[in-house]
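Notes to accompany the following structure.
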Amino acid sequence: MRVLIIGGSIAGLTLAHCLEKAKIDYVLLEKKEEIAPQEGASIGILPNGGRIMEQLGLYHQIEQLIEPLARAHVTYPDGFHFTSQYPALLQQRFGYPLAFLDRQKLLQILAAGPVQSGRVKLGHQVVNIESTPDGVTVRTSHGHVYQGDLVVGADGVHSRVRAEMWRLATASQGEIFRSEYNKLTIDYACIFGISSPVDQLEPGEQITCYNDGWSILSVIGQNGRVFWFLFIKLDKESVYDGSRKNGPRFSPADARAHCERLAHEPVWNGVKFGHVWAQCEVFQMTPLEEGLFSKWYWRNIVCIGDSMHKFAPHIGQGANCAIEDAAQLSNRLQAWLYGCGPNDPPTASDLSEILAGFVEDRLRRLGPVAVAARSAMRLHARQGVKNWILGRYLLPYAGDKPADWASQGIAGGGVTLDFVEPPERSGPGWVQFSQPRKRPTFPLTVAGLCLVAIVIRMLHSTLTV
């Protein structure tokens, strides 16, 4: 079996490592000339991604570049704030810290082995894919031709592989992907950046600033570097078809205008956003696509990572779920290979069975994650009365419940490589939070208390007028 991976993303490079472990032949085609450019992005590695990285022998390199999160601060426009120890609690439960680092650094770690092996081809932009019952052929803009048994699109939210898959399927079977065309929507934009250390912001802190129509998420990493995100609600929601033609676009000037407008807003411990902005090393503004596709494959083409699921960054699961995609697909391919032998190419029926099982696994896992990420972004921006109430009057008094909800997202349906030794690190949370739970009564109880609090506040306002 030979796999053609399109895209040197976190999903694509993780898949390369997984296939190497599974002894499956592959080549990875990346359109950029540089595998790990500095684009101002940071990445969070949660326990569910961390344990796969450990199985691949990469986690120790990641760990050298991170400052484990120990505490989380949350602030509100009225000056109220609270601190939670949930990051430390999650580490106790799962054996891995919540880790943030430069996305560039993670890509460098992931790319080192595959690049050295000669299996990564840079500057290879895919322009055409041809699918037959006997295999698949990929052509690049420079005229290179690659053949294999399976194409895996790991080329991001603007995926060329996804577009080619839709084109080929439509030509062969009509509009079988029509229901997928409107799956991605854009309701928010994000300015993300990395700043040099700021006095009064301590390594190991996460700071979330709730506001009306916007929010700020900051993580203080190793040596005090500040990884920050400014989320802004757009005037209207739009549908994104994946072609780059109909989505909103933003310039560096747009980003600067927003950051300067909010420079006076408090972050934490006397620090204002302007202090963070003044130390900014690199930044970028982008629309935030949200959505989960339900059809991931057609014949011998399959897509993974951001090309199939795009989440708001608030719960940190985007990259981790992409890592899981790579591991889950590798599990399915390796199991087939183990049963059939390394020299037998998969038939169309084989691939259909492999990929159908893979997609079923992933959709079961990712549905709740998509809902949680979408809800979190709107909660932080206090979008609507419900989110205003929940954010201000429920979360500060929820105790360990946010850690429990995060634990269910980490452990529920998480993946490891079946054909590699289990990760050495562990914790009770993997078993404790792995099964779906009954709907808790706690949120309903607190919601009732919130209603009482609002009534009291209204009465107080009336009496003091």
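Heads up, the Cβ atoms here are built off N, Cα and C, so glycines get one too.
According to Swiss-Prot, the protein carries these features:
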type	residues	note
SIGNAL	1-16	signal peptide
BINDING	E30, G44, R103, D306, A319	FAD binding site
ACT_SITE	Y210	active site
TRANSMEM	440-456	transmembrane segment
Count of other CB atoms lying within 10 Å of the CB belonging to Y210 (active site):
23
State, in Å as a whole number, the widest CA to CA span among the FAD-binding residues E30, G44, R103, D306, A319 given in the record.
23
Going by Cα-Cα distance, pick out whichever of the binding-site residues E30, G44, R103, D306 is nearest to Y210 (active site).
G44
